[in-house]
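As recorded in Swiss-Prot:
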- 1-27: topological domain 'Extracellular' (TOPO_DOM)
- Asn6: N-linked glycosylation site (CARBOHYD)
- 28-48: transmembrane segment (TRANSMEM)
- 49-56: topological domain 'Cytoplasmic' (TOPO_DOM)
- 57-77: transmembrane segment (TRANSMEM)
- 78-101: topological domain 'Extracellular' (TOPO_DOM)
- Cys99-Cys191: disulfide bond (DISULFID)
- 102-122: transmembrane segment (TRANSMEM)
- 123-141: topological domain 'Cytoplasmic' (TOPO_DOM)
- 142-162: transmembrane segment (TRANSMEM)
- 163-198: topological domain 'Extracellular' (TOPO_DOM)
- 199-219: transmembrane segment (TRANSMEM)
- 220-239: topological domain 'Cytoplasmic' (TOPO_DOM)
- 240-260: transmembrane segment (TRANSMEM)
- 261-275: topological domain 'Extracellular' (TOPO_DOM)
- 276-296: transmembrane segment (TRANSMEM)
- 297-321: topological domain 'Cytoplasmic' (TOPO_DOM)
Amino acid sequence: MTILLNSSLQRATFFLTGFQGLEGLHGWISIPFCFIYLTVILGNLTILHVICTDATLHGPMYYFLGMLAVTDLGLCLSTLPTVLGIFWFDTREIGIPACFTQLFFIHTLSSMESSVLLSMSIDRYVAVCNPLHDSTVLTPACIVKMGLSSVLRSALLILPLPFLLKRFQYCHSHVLAHAYCLHLEIMKLACSSIIVNHIYGLFVVACTVGVDSLLIFLSYALILRTVLSIASHQERLRALNTCVSHICAVLLFYIPMIGLSLVHRFGEHLPRVVHLFMSYVYLLVPPLMNPIIYSIKTKQIRQRIIKKFQFIKSLRCFWKD
């Protein structure tokens with residue numbers, strides 16, 4: 001494939017890649033990806049519908065769960081067009097403005113997910129350590145402020161990245177290593193020094209994932225201290241059980257992120273398919289698994305979903321009769 005390197009940034013393009021060497025199998029590879037995307041969309045929309053339509057679920061925990069579902073939906077939809085475009089139509093070319101826009105949304109939504117998980121850990125801390133004042137501490141106004149601060153912090157920290165990349169001339173190959181645009185991949189293609197991008201990228205990671213993970217760890221240390229002070233064994237288990245879903249969501253988000261970071265920095269000798277696999281796990285597994293985990297582990301959500309399906313089933317039986 002011949003790549004035309006345009007001197008004008010506005011006319012320049014990047015080329016995305018799927019699974020190199022397996023282009024003939026892209027149609028088959030797209031099947032599990034379609035299933036994952038459909039499951040993510042339906043699962044998170046179901047969570048949002050249940051929370052929005054049931055007044056008994058209008059509490060702090062469920063508001064934060066709704067924020068997580070919105071973030072997961074956004075993260076899924078930000079990669080869907082280019083990933084399926086490559087698998088179905090072999091559409092590899094992407095303009096720099098479109099690439100930078102996708103980059104902005106992917107990194108902003110990833111940062112927002114970290115922030116929402118921190119907000120959920122604060123909710124768990126208040127629920128376990130100060131249960132009598134849960135609704136008075138985390139008021140609707142407070143929850144709205146926490147949500148807005150998550151959006152603003154993420155957007156403002158990520159906003160400089162496209163502008164830092166825009167100043168470069170790209171004299172290396174314009175072929176990106178993934179089916180979507182990421183800051184780390186694009187800056188490697190620049191002709192000049194990328195030290196500023198490296199430093200600012202580390203600063204963003206420290207301010208988002210670094211701070212959030214530290215505060216989440218601290219909140220669970222305080223939760224564990226409170227739980228261990230409870231005399232009743234059953235009450236201790238009940239208190240811990242309320243945190244299981246959130247702990248799973250935290251692990252699903254941070255473990256793939258750490259794994260992807262390690263692979264990028266120290267895994268140059270690894271097969272390229274490992275890099276691709278880790279990147280897809282990082283972006284697709286948390287949005288896929290979060291609604292499933294919360295549907296299974298959260299009794300109120302599980303009961304409402306079952307009722308919805310029973311209602312739909314009864315309607316179908318009614319119309320058949």
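Each residue's number is its place along the chain shown, starting with 1.
Backbone N, Cα and C define each Cβ position, glycine as well.
At the 8 Å Cβ cutoff, the transmembrane segment (57-77) and the transmembrane segment (276-296) share at least 3 close pairs (sequence separation 6 or more) and count as touching. Sequence-remote contacts of a segment are chain residues at least 6 beyond its ends whose Cβ falls under 8 Å from one of its Cβ atoms, and for the transmembrane segment (28-48) they are 18-19, 22, 65-66, 69-70, 72-73, 76-77, 80, 83-84, 87-88, 284, 287-288, 290-292, 294-295, 301, 305, 308.
Outside the topological domain 'Cytoplasmic' (220-239), and at least 6 residues removed from its termini, the chain residues within Cβ reach (under 8 Å) are 121, 124-125, 128-129, 247. With a threshold of 8 Å between CB atoms, the same-chain residues lying at least 6 positions outside the topological domain 'Extracellular' (78-101) that come near it are 9-10, 12-18, 23, 26-27, 29-30, 33-34, 37, 109, 162, 165-166, 179-181, 186, 283-284. For the topological domain 'Cytoplasmic' (123-141), the list of distant contacts is 59-61, 63-64, 219-220, 222-223, 226-227, 239, 242-243, 246: same-chain residues at least six beyond its ends, Cβ to Cβ under 8 Å. When pLDDT is averaged over the topological domain 'Cytoplasmic' (220-239), the result is 86. Cys191 (disulfide bond) carries neither a helix nor a strand DSSP state and counts as coil.
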